[in-house]
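As written in TrEMBL, here are the features:
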TRANSMEM  47-66  transmembrane segment
TRANSMEM  78-103  transmembrane segment
TRANSMEM  123-140  transmembrane segment
TRANSMEM  152-175  transmembrane segment
TRANSMEM  220-244  transmembrane segment
TRANSMEM  264-288  transmembrane segment
TRANSMEM  309-333  transmembrane segment
TRANSMEM  345-368  transmembrane segment
TRANSMEM  388-406  transmembrane segment
TRANSMEM  426-445  transmembrane segment
TRANSMEM  466-486  transmembrane segment
TRANSMEM  516-535  transmembrane segment
Amino acid sequence: MNGGDVTVAGSDDLKSPLLPVVHNDEAFERQTVGQQLRTIFTPKNCYIALGPLLCAVVCLCVDLGGDETTTARNMLGVLVWMFAWWLTEAVPMPITSMTPLFLFPLFGISAADDVANSYMDDVISLVLGSFILALAVEHYNIHRRLALNITLVFCVEPLNAPLLLLGICATTAFVSMWMHNVAAAVMMMPVATGILQRLPSSSSTTEVVHPAVGKFSRAVVLGVIYSAAVGGMSTLTGTGVNLILVGMWKSYFPEADPISFSQWFFFGFPLALCIFVVLWCVLCVMYCPKGAGQALSPYLHKSHLRRELELLGPMNFAEKMVLAVFGGLVVLWMTRNITDDIPGWGRIFAGRAGDGTVSVMMATLLFIIPSNIKKGEKLMDWNKCKKLPWNIVLLLGAGFAIADGVRTSGLAEVLSKGLVFLETAPYWAIAPTVCLIAATITEFTSNNATTTLLVPLLIEIAKNMGIHPLLLMVPGAIGAQFAFLLPTGTPSNVVGFTTGHIEIKDMIKTGLPLKIAGTIFLSILMPTLGAYVFASMGGV
């Protein structure tokens, strides 16, 4: 009993010092203050302070010429603040995207209601509807079924490595046309790596692995991330940059016809197709040496793909209905405005219905049509929509708000004066220059941020040159999508880089010729095909 009591008492006093401790209160306080300072002055907190500090420096020290440019100077300060937070990720990107809602009114740039309107318009509706449809496609594994079916078509016997690579890249590009390119890359990368898992690696086997196996693995991963980027250029829904461009066109030229889904497709698809062919050729030349098919054939066979397809089972009612809704949406997008001689269904509603109208309408059907899986269950419910990428929606809204602020504050006119030397240059020289500037900036910041910054300046330059604004806006926006060299250039690149199959040198070797080819094709197609497609639009 007593021993037990002693043990308990001892256990209670284990943390008590055996000898009296003399407390040095001053040393304790100094240590506490030092720890507190280290807690406060962390790199992240310094980055947080950097935004408002740079804004204050701009607002107090920068002179744009005259008292009438005070609003423009304030707009520049807010821009610097936002871009500092975007680049350093001091606060989450969606939160930075919402800062115009309080910064613009406080700095006298725009009224609160005007800023809020930028965060919900027809373009945002288009994004929300298409994202909900993309989530339905992902939920029912339709993208995986599509990828396996198309890959089966290209997986011939004997195995042809370039043809199989074409099938994987073409599938990714096609998927990316109808949903955001980052989502397409995220969806298709597991499909691609699932195919690559059948291939041996030097680290997982003691056998001698043919060099063509490793090269083909790199080609597949590079093909997926670049095909997602290229395919996204084809349509308005493929990337946020195209949507930002459309929103800025609508904001700056409200009297002009808006850029429709079909108009952009008639220009974007041929451009993307040209770049895609170059991508495939570059990958084949660099990563599909002679004899690659023979080296891969023991590991990749049609029977493997068929087995995976059989595991998915036959298409059920829910999958068929999601495909039907998705196909109906594409048809409505393509036929809203066709040509001046053949008006689309949009004429019935006197132009009041937009692409966002049908996008949300078709997405709503997913919450009405039964799935026939469980009693009372619909194709989609709100719980399945919790993965909606609100960060992209808010980023688009911020882009539109910044575009309005740059225009109304007069900042675009002030900054465009610094590029006045471009006004005397011929267009054939300006278009590739604009594209290369955008393509260079986008390697170090997001393509959406690059577009938001450059396009308002290009509009002012086009006005001063007396040419159609889209002749500069489109090269700037598409050039911002040529983030092919670094893993950090776009989230799609990160998705591929984290697989461990590629290195930075692989991205540079493939991305540099792709960037050059894209600039050349864009410089040729914009004044020819682009001028024809956008000829009926105002804005000059």
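Our numbering is plain: 1 for the first residue shown, then up by one each step along the chain.
Heads up, the Cβ atoms here are built off N, Cα and C, so glycines get one too.
With a cut-off of 8 Å between Cβ atoms, the residues of this chain six or more beyond the transmembrane segment (152-175) that come close are 143, 146, 184-185, 187-188, 192, 195, 212, 216, 219-220, 223-224, 226-228, 230-231, 234, 272, 276, 279-280, 283-284, 288, 292-294, 296-297, 300-302, 305-306, 309. With a cut-off of 8 Å between Cβ atoms, the residues of this chain six or more beyond the transmembrane segment (426-445) that come close are 83, 86-87, 451, 453-454, 458, 465, 467, 471-472, 475-483, 485-486, 488-490, 515, 518-520, 522-523, 526-527. Between the transmembrane segment (388-406) and the transmembrane segment (264-288) there are fewer than 3 Cβ pairs closer than 8 Å, counting only residues 6 or more apart in sequence, so the two stretches are not in contact. Contact count against the transmembrane segment (345-368) (Cβ pairs under 8 Å) is highest for 123-140, out of 47-66, 123-140, 264-288, 516-535. With a cut-off of 8 Å between Cβ atoms, the residues of this chain six or more beyond the transmembrane segment (264-288) that come close are 161-162, 165-166, 169-170, 173, 212, 215-216, 218-219, 222-223, 226-227, 230-231, 233-236, 238, 242, 246, 334, 474, 478, 509-510, 513-514, 517-518, 521-522, 525, 529-530, 533-534. Below 8 angstroms of C-beta separation, residues 259, 263, 266-267, 270-271, 274-275, 278, 427-428, 431-432, 435-436, 439, 468, 470-471, 474-475, 478-479, 482 of the same chain, each at least six residues beyond the ends of the transmembrane segment (516-535), sit close to that stretch.
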